[in-house]
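Have a look at the structure below, then the notes.
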Amino acid sequence: MELNKHYDVIIFGAGPGGTAAAYGVAHKKSVLVIENDLFGGTCPNRGCDPKKMLYSAVQAKVRATNLQGSGLKGVPTIDWPDLMAFKRQYTRQIPKETENGLQQAGIATYHGQVHFLDEQHVQLADKTIISGDDFILATGRRPRLLDIPGQEYLKTSTDFLDLDALPKRMTFVGAGLVTMELANIANQAGVAVDILHHNDQPLKEWPTPLVTQLVESMASAGIHFHFNTNLTAITKQAGGYQLTTDQGILSSDYVVAAVGRIANTEALKLENCGVTVTKRGIAVDDHLQTSTPHIYALGDVMAKPQPKLTPVAAYEGQYLAQLLTGQNTEAIDYPVIPQILFGTAEVSQVGVTYQTAENHPKAYQISTLDLTHWYTYNRLKDPLAQAVIIRATATQQVVGFAAFTTAGEQLLNLFSLIMNLKLSNTQIQEMIFAYPTAASDLTYLM
Ligand SMILES: Cc1cc2nc3c(=O)[nH]c(=O)nc-3n(C[C@H](O)[C@H](O)[C@H](O)COP(=O)(O)OP(=O)(O)OC[C@H]3O[C@@H](n4cnc5c(N)ncnc54)[C@H](O)[C@@H]3O)c2cc1C
Ligand SMILES: NC(=O)c1ccc[n+]([C@@H]2O[C@H](COP(=O)([O-])OP(=O)(O)OC[C@H]3O[C@@H](n4cnc5c(N)ncnc54)[C@H](O)[C@@H]3O)[C@@H](O)[C@H]2O)c1
């Protein structure tokens, strides 16, 4: 595709955020999307989607395990090469399909390294200079590696999600979202897993009782947690690696660093256009505008308090499209943001958090419900099903929900809907839900 010398909007990064913005402005403006790696970005190529394809088999295995002695005999085993082929069938087509989709919508695309020359001009790899009126920085994040001797031996979530054969022993560093999800997949696929975490409080932003249950269920499935343990060096040894920690020595065949992600900003040469980058990412105001007026940022690359998730990046892309096409001039206003961790069961939360409710006991009431004997969870023999309901004391309205169950994902979305639409308990009681489903429990949960 021949490129023009000027575009109304130039977008860096073809992930969920950048593409949502591109589709949103394309009906009114000329748009160029620049991608320096895989069109589609992290989520469909090396994030949420491939992870959940692997999780499908794990989820089926966990459900089968739970139903032993309740009508099912024999636990299936995970065939990793087969599962990986299934995943690749999906991921293989993502970059081409994403780029084709953009082009079919009349959006120009460029694959390569591009940087800013000044506030209005960017330079392509072949030194062509292109100007733009508005720019959107949607370049996402990449895994952070530990600055320790032997850093070169560290693998990342990207490597794990495209692993041809499983090693016997695997170590994850950092007990955050990536580790809790991928360690569970590895463990269920037959790998001996160790998790090293530098303190004893993993997943600090998630409800403490549910995190405790998650850790206990992972530990009873055979995962070995090492809390208050810092990895200080990795050395190669016959048949694997020696891990030196401040608590002793461990051996491993494969070491995954999952200690957070850093913003992709360096290649853009933002110093040439005056955009402020902090340690946490690109600084923006409440209109997602950077320190340079016609340059905006969205998604994971931004420094922001909202969780860095696909639907959040897409929401920000749609917001910026409306802003740049004059359909909205207001500051960005986020709905409640549901979060889910796909582990031994699904840990989910939305609305007022457990920690906030605990810290404001007059304003909120917390009810923790053991769901194991409720019909839905008893039918699945879900061994630990639990829900946390948070009500505003003044109105008795449900303002927060969290759960740890093997059937929780759609319940989480229903609670998001209830909170966004501010549906009252009475309005929910007046509805009919298909029975027996997790949703038909809503009337009892409210
Ligand atoms: C293992 C893993 C699992 C995840 N699971 C979930 C999940 O279950 N649910 C969920 O909601 N979120 C999940 N996430 C987070 C989700 O992937 C991100 O929040 C989402 O992809 C952010 O979208 P984005 O558009 O901001 O950035 P990205 O998707 O990262 O896209 C940014 C794009 O910019 C490109 N780029 C970088 N630098 C440049 C440059 N200089 N020039 C041009 N292009 C550039 C990158 O190559 C990339 O394609 C997961 C992430 C990981 C790593
Ligand atoms: N289901 C989901 O929605 C999902 C799943 C995976 C990833 N993600 C996204 O990807 C992001 C990155 O995930 P992540 O797990 O890499 O980061 P994270 O920030 O969730 O967790 C990293 C953990 O590593 C710990 N840590 C930091 N330095 C350490 C060290 N030196 N040694 C040991 N532990 C250390 C941190 O305290 C933290 O608990 C998430 O924040 C989220 O935005 C989302």
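Including glycine, each Cβ sits where the backbone N, Cα and C put it.
What TrEMBL annotates here:
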BINDING   Lys52, Asp300  FAD binding site
BINDING   Gly174, Ala175, Gly176, Leu177, Val178, Thr179, Met180, Glu181, Gly260  NAD(+) binding site
DISULFID  Cys43-Cys48  disulfide bond
DOMAIN    7-317  domain 'FAD/NAD(P)-binding'
DOMAIN    337-441  domain 'Pyridine nucleotide-disulphide oxidoreductase dimerisation'
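Overlay of TrEMBL feature records on the structure.
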residue: Cys43; record: disulfide bond; Cβ contacts under 8 Å, 6 or more apart: Gly15, Pro16, Asp49, Thr310
residue: Cys48; record: disulfide bond; Cβ contacts under 8 Å, 6 or more apart: Thr310
residue: Lys52; record: FAD binding site; Cβ contacts under 8 Å, 6 or more apart: Phe342
residue: Gly174; record: NAD(+) binding site; Cβ contacts under 8 Å, 6 or more apart: Leu196, His197, His198, Ala257, Ala258, Val259, Gly260
residue: Gly176; record: NAD(+) binding site; Cβ contacts under 8 Å, 6 or more apart: Pro202, Leu203, Ala258, Val259, Gly260
residue: Val178; record: NAD(+) binding site; Cβ contacts under 8 Å, 6 or more apart: Pro143, Ser157, Phe172, Val256, Ala258
residue: Met180; record: NAD(+) binding site; Cβ contacts under 8 Å, 6 or more apart: Pro202, Leu203, Leu214, Met218, Leu341, Gly343
residue: Asp300; record: FAD binding site; Cβ contacts under 8 Å, 6 or more apart: Gly15, Gly17, Thr42, Gly140, Arg141, Arg261, Ala263, Gly281, Lys308, Ala313
NAD(+) site, defined by Gly174, Ala175, Gly176, Leu177, Val178, Thr179, Met180, Glu181, Gly260: further same-chain residues with Cβ within 8 Å of the Cβ centre | Phe172, Leu182, Pro202, Leu203, Ala258
Binding-site residues Gly174, Gly176, Val178, Met180, Gly260, Asp300: those with Cβ under 6 Å from an atom of ligand 2 are Gly174, Gly176, Val178, Gly260
Recorded positions close to ligand 1 - of Cys43, Gly174, Gly176, Val178, Met180, Gly260, only those whose C-beta is under 6 Å away = Cys43, Val178
Expressed in angstrom and rounded to a whole number, the NAD(+) site built from Gly174, Ala175, Gly176, Leu177, Val178, Thr179, Met180, Glu181, Gly260 spans a maximum Cα-Cα distance of 14
So for Gly260 (NAD(+) binding site), how many other CB atoms are inside 10 Å of its CB?
-> 12
How does the domain 'Pyridine nucleotide-disulphide oxidoreductase dimerisation' (337-441) divide up by DSSP, counting helix, then strand, then coil residues?
-> 31 helix, 32 strand, 42 coil
